[in-house]
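The structure appears below as structure tokens.
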Amino acid sequence: MNYNNKILVSESGLSQKHLIHGDEELFQHELKTIFARNWLFLTHDSLIPAPGDYVTAKMGIDEVIVSRQNDGSIRAFLNVCRHRGKTLVSVEAGNAKGFVCSYHGWGFGSNGELQSVPFEKDLYGESLNKKCLGLKEVARVESFHGFIYGCFDQEAPPLMDYLGDAAWYLEPMFKHSGGLELVGPPGKVVIKANWKAPAENFVGDAYHVGWTHASSLRSGESIFSSLAGNAALPPEGAGLQMTSKYGSGMGVLWDGYSGVHSADLVPELMAFGGAKQERLNKEIGDVRARIYRSHLNCTVFPNNSMLTCSGVFKVWNPIDANTTEVWTYAIVEKDMPEDLKRRLADSVQRTFGPAGFWESDDNDNMETASQNGKKYQSRDSDLLSNLGFGEDVYGDAVYPGVVGKSAIGETSYRGFYRAYQAHVSSSNWAEFEHASSTWHTELTKTTDR
């Protein structure tokens, strides 16, 4: 199929063909145009603090080794031996000066260089050029306040530019709070859903919370419990949504610092966050200080999502068009007491981990929506994301990005899928940029409802 001319997402991101969640040929195309081109989350500084520390991570369907170098920098390499293609490292994390393949014993340094070959002189003589046989390196590795992302494409914009307007909303928690830590290793589970189904859910779907999560809201007694069973809408002014040029976006629920954590944690969390308010008001202003203590449900395009004040951090690793491996970490503020960090991490796994009750609520929705995307009659139907269209603004005096000033809407859906369509119909970054030259105008139209 020629995706340069295939319209999978309508103008302004108002709808998507259902087949985007179930078509295997399209999935293979995504590996080239989405996962080989965009910035993908790898790890966090706190998980590889010392030289020689490494973790394995996924970039699309490929696995990489992410290693702290002797000079403190971080590099990433395909986890594939250059001799006969065997997986080089079979564990999730460790510390090593190098990596030795268990097939024929070829040894690579933590810098990716081929350092040793058994019986090299006897078997190869002078014919083996080890300098050309190092591990394939991920072209770009950059950090957003300790969160490490990698990109295979040299032409990609710098990570900070790629995050764009979304960074303004993330930095109060990621930077100005004093910094974050990632608690690993991640909980892992495989779901029978396309990777985009959970990514779109986290990018800004507050609409489903009261209904899908009714029992979880009631049993957890979180600050959002009043929404259970669609008993009420969030009041006017309770939040907003935003999206950005490269597809990253989020919803903001004001003053939701204790997130989905149960009632026993709420007083301690609210006191901890509240203690930083005076300093943050002075450093970054009242609005961004309020964003720090507000609940953000966010997706960094394409497949990294988070619920900031709930401490949930996700990577949706694709396996095929209808299968995704979900990695769930906890994020905690660096200066939290160690006991509070531990209890928050436990709460994350209890709510959104592999067996979490909030997670279980979502999975059936995501799985059946994805599986229906490959069925004959439903695959060409349109999935709607038009809620709030015509009310979004760009160039607001306070809030950057394309903004929908309501807690419930689909602003960030439209931005996510506008970027998605631009990528799958482009051959490179230059073509994507051309297709995105009027991105905010397209998303803020007031016609074509």
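Here the Cβ of each residue, glycine as well, is placed from N, Cα and C on the backbone.
Taken straight from Swiss-Prot:
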BINDING   CYS81, HIS83, CYS101, HIS104  [2Fe-2S] cluster binding site
BINDING   HIS208, HIS213, ASP362  Fe cation binding site
DOMAIN    39-137  domain 'Rieske'
SITE      PHE352  site 'Important for enantioselectivity'
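Note on proximity: among CYS81, HIS83, CYS101, HIS104, PHE352, the recorded positions of the record, the Cα nearest HIS213 (Fe cation binding site) is that of PHE352. For HIS208 (Fe cation binding site), the nearest neighbour among the recorded positions CYS81, HIS83, CYS101, HIS104, PHE352, judged by Cα separation, is PHE352. In the structure shown, across all protein chains, HIS213 is the one of the binding-site residues HIS104, HIS208, HIS213 with the greatest number of other Cβ atoms within 10 Å. Counted within 10 Å of its Cβ, the other Cβ atoms near PHE352 (site 'Important for enantioselectivity') come to 25, all protein chains included.
The domain 'Rieske' (39-137): residue composition by secondary structure is 11 helix, 39 strand, 49 coil, according to DSSP.
In the predicted model, the domain 'Rieske' (39-137) has a mean pLDDT of 98.
For the recorded [2Fe-2S] cluster site, residues CYS81, HIS83, CYS101, HIS104 set the reference point as the centre of their Cβ atoms, and the other residues of that chain within 8 Å of it by Cβ are ARG82, ARG84, LYS86, LEU88, TYR103, GLY105, TRP106.
Compute the center of the Cβ atoms of HIS208, HIS213, ASP362, which mark the site for Fe cation; besides them, the chain residues with Cβ within 8 Å of that center are ASN201, ASP205, VAL209, TRP211, THR212, TRP358, ASP361, ASN365. When the binding-site residues CYS81, CYS101 are compared by the number of other CB atoms within 10 angstroms of each CB, CYS101 has the fewest. The two recorded residues, CYS101 ([2Fe-2S] cluster binding site) and ASP362 (Fe cation binding site), have Cα atoms 40 Å apart.
When the binding-site residues HIS83, ASP362 are compared by the number of other CB atoms within 10 angstroms of each CB, HIS83 has the fewest.
When the alpha carbons of PHE352 (site 'Important for enantioselectivity') and HIS104 ([2Fe-2S] cluster binding site) are compared, the span between them is 41 angstrom. Of CYS81, HIS83, HIS104, all annotated as binding-site residues, the residue with the shortest Cα distance to ASP362 (Fe cation binding site) is CYS81.
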